[in-house]
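*Asks:* According to TrEMBL, the protein carries these features:
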- 63-493: domain 'Major facilitator superfamily (MFS) profile' (DOMAIN)
- 68-86: transmembrane segment (TRANSMEM)
- 106-128: transmembrane segment (TRANSMEM)
- 135-155: transmembrane segment (TRANSMEM)
- 161-182: transmembrane segment (TRANSMEM)
- 194-216: transmembrane segment (TRANSMEM)
- 222-241: transmembrane segment (TRANSMEM)
- 371-390: transmembrane segment (TRANSMEM)
- 402-426: transmembrane segment (TRANSMEM)
- 438-461: transmembrane segment (TRANSMEM)
- 467-489: transmembrane segment (TRANSMEM)
Amino acid sequence: MIENACICLATSTHCNGGPAGAKQIRGTDCQMVGLLHCDCRLPGPTKRTSSAAMAAGKAVWMAQARSTAGSMMVAASCGVAVGWASSAVVKLQDRTGPFQLTDDQASWVVSLNDVGILLGSLLSGLCFSVLGRRATLLLCPLLLLGWAALTFAATAPAFLYVARLLSGAGMAVHFVYGNVYLAEVSVRSSRGLLSLLTSLFAMAGTLLQFCVGPYVSYRTQAWLGALPAAAALVLLLLFTVESPYYLAMRDRPDEMLAALARLRGCSVESDALRDEAHEIERTVERQRSAGSLLAALCSPASRRAASVGVVVQATAPLFGESVLMAYAQKIFIISGSPLGDAQSAIVLYVAQASACLACTALVDRWGRRTLLSVSCLGNCIGMAVLSAYLGASPDRQGPLQWIPLASLLLFVVSCSLGANPVPGLLLAELLPQRAKPLMAPLSMMLFSVTAFAVSKSFLALGEAAGMFAPFAVFAAWNALAVAFTRLFVPETKNKSLAEVYGMLSGREEAPKQN
């Protein structure tokens with residue numbers, strides 16, 4: 001398939017707006033491959049040609065919107081589960097829930113979600129290659145529905161322990177393989193937008209919990225988690241198409257062609273579609289002949305890439321963002337704020353979502369390495385200021401009560417600009433294709449272990465040494481992350497994967513094949 005080629009059929013001639021060598025296809029419409037509009041320069045009625053091209057481009061977008069709607073709602077469901085703990089833990093500790101939690105029990109409720117991520121990474125890894133992408137994605141809403149049901153029915157902490165294991169397992173399915181599915185079913189021109197929409201849907205789910213959770217009962221809040229999960233399950237069952245790459249790997253060419261036709265909104269008889277199908281089959285065949293997964297990690301370049309990518313991803317919880325989002329309301333109760341604790345948490349998350357939007361414009365302008373180091377520096381300053389404020393123990397209602405909110409706003413904005421989105425992006429760009437199926441779940445498992453340790457020890461360290469202590473640890477780690485990024489993390493901006501691999505190998509010229 002020649003991507004970004006426009007072939008005009010109304011005149012039965014090649015499109016001069018497409019690249020040389022574009023194939024002519026007989027028919028009555030204008031086929032669009034990877035473009036939103038047609039810039040044909042042909043004699044004759046160009047209005048008709050342009051309209052047909054735009055209609056074909058719209059058909060591609062509509063087909064992809066249908067097939068990825070379930071994945072978007074899965075992201076929203078995960079966001080709801082992420083935001084649940086902030087206000088729910090407060091309810092269960094101030095006697096407005098069905099039972100009361102101690103600080104130790106609350107730390108288990110928060111941290112067992114990370115253990116669930118570890119278990120879910122193992123489970124989804126087995127399902128992804130055996131049952132397929134669609135069946136694996138279906139696990140996520142089913143697990144989150146189980147989480148919501150157990151949370152609603154909980155009468156003791158043990159119910160929530162199991163529920164949080166289920167929510168973490170559901171999140172792992174989405175975090176590890178949701179973007180892989182989107183990459184396999186989308187055309188190049190929409191891949192970045194779909195990835196951005198996934199992040200925005202996840203943030204919308206968390207923001208829903210932050211805005212509604214503090215003002216409704218414990219059991220009503222539990223149902224908030226069930227609604228998007230149920231919607232995701234319905235959308236996945238009705239509209240989600242199996243990945244053509246998976247069907248090609250299982251040697252099911254007819255089903256692969258039918259799935260690709262649904263994803264592109266055109267007929268299976270389209271020559272452009274068949275060209276794309278042949279390219280998918282060639283890609284799968286090249287991967288089969290590339291050797292084992294372990295062989296892909298034998299070269300020095302692969303080992304260096306894996307080391308840098310996994311270290312950055314696995315230590316991300318030590319930046320402090322995940323524990324901050326889980327304990328946001330409780331942190332403001334302890335530190336004080338000119339706003340109420342619930343309102344401060346909402347302001348915090350709105351700022352985080354806005355900063356994440358800004359990151360999409362900066363990541364290709366500033367570069368991954370620069371953005372990550374600047375982000376960690378901002379994190380360090382925000383955490384250091386909050387730690388100093390809590391260590392000095394000033395009057396929580398005095399003229400300095402704005403410091404906790406301001407320092408945490410600085411932290412979430414800087415974290416969302418780089419420390420949150422960049423580690424996963426670096427891992428995807430640094431690893432060779434053959435190593436990704438092994439290293440992606442491995443990095444998520446290491447991430448979950450680190451996140452569990454951070455979440456479990458946060459309140460315990462604060463109680464033993466003072467609440468300034470965990471924030472001092474986060475500040476110190478972000479300072480180390482700045483140094484690590486400047487010394488070891490390569491810049492991958494505007495580089496093809498082949499160029500990245502050549503750079504890691506110490507060669508000035510990239511290899512011909514990636």
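Glycine is no exception: its Cβ is also placed from the backbone N, Cα and C atoms.
Given the structure is predicted, the values throughout are model-derived calculations rather than measurements.
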*Asks:* For the transmembrane segment (402-426), give me same-chain residues lying six or more residues beyond its boundaries with a C-beta closer than 8 angstroms to one of its C-beta atoms, as numbers and ranges.
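*Replies:* For the transmembrane segment (402-426), the list is 199, 308-309, 312-313, 316, 319-321, 324, 331-332, 335-339, 344, 347-349, 351-356, 358-359, 362-363, 368, 371-379, 381-383, 385-386, 389-390, 478, 481, 489, 492.
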*Asks:* At a C-beta cut-off of under 8 Å, are there same-chain residues at least 6 beyond the transmembrane segment (106-128) that contact it? List them, or none.
*Replies:* 81, 85, 89, 92-93, 135-136, 139, 143, 157, 160-161, 164-173, 175-177, 180, 317, 323, 326-327, 437, 441, 444-445, 447-449, 451-452, 455-460
*Asks:* When you scan the chain for residues with a C-beta under 8 Å from the transmembrane segment (194-216), skipping those not six or more beyond its ends, what do you find?
*Replies:* 64, 68, 71-73, 75-84, 86-88, 90, 178-179, 182, 186, 224, 228, 325, 328-329, 342, 345-346, 349-350, 352-353, 356-357, 360, 421
*Asks:* For the transmembrane segment (135-155), find every same-chain residue at least 6 residues outside the stretch whose CB is under 8 Å from a CB in it, and list them.
*Replies:* 70-71, 73-74, 77-78, 81, 84, 88, 98-99, 120, 123-124, 127-128, 162-164, 166-167, 169-171, 173-174, 177-178, 181, 219, 222-223, 225-226, 229-230, 232-233, 236-237, 240
*Asks:* Go through 161-182, 222-241, 438-461, 467-489 and flag the stretch with the largest number of C-beta pairs under 8 Å relative to the transmembrane segment (68-86).
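*Replies:* Ranking 161-182, 222-241, 438-461, 467-489 by Cβ pairs under 8 Å to the transmembrane segment (68-86) puts 222-241 first.
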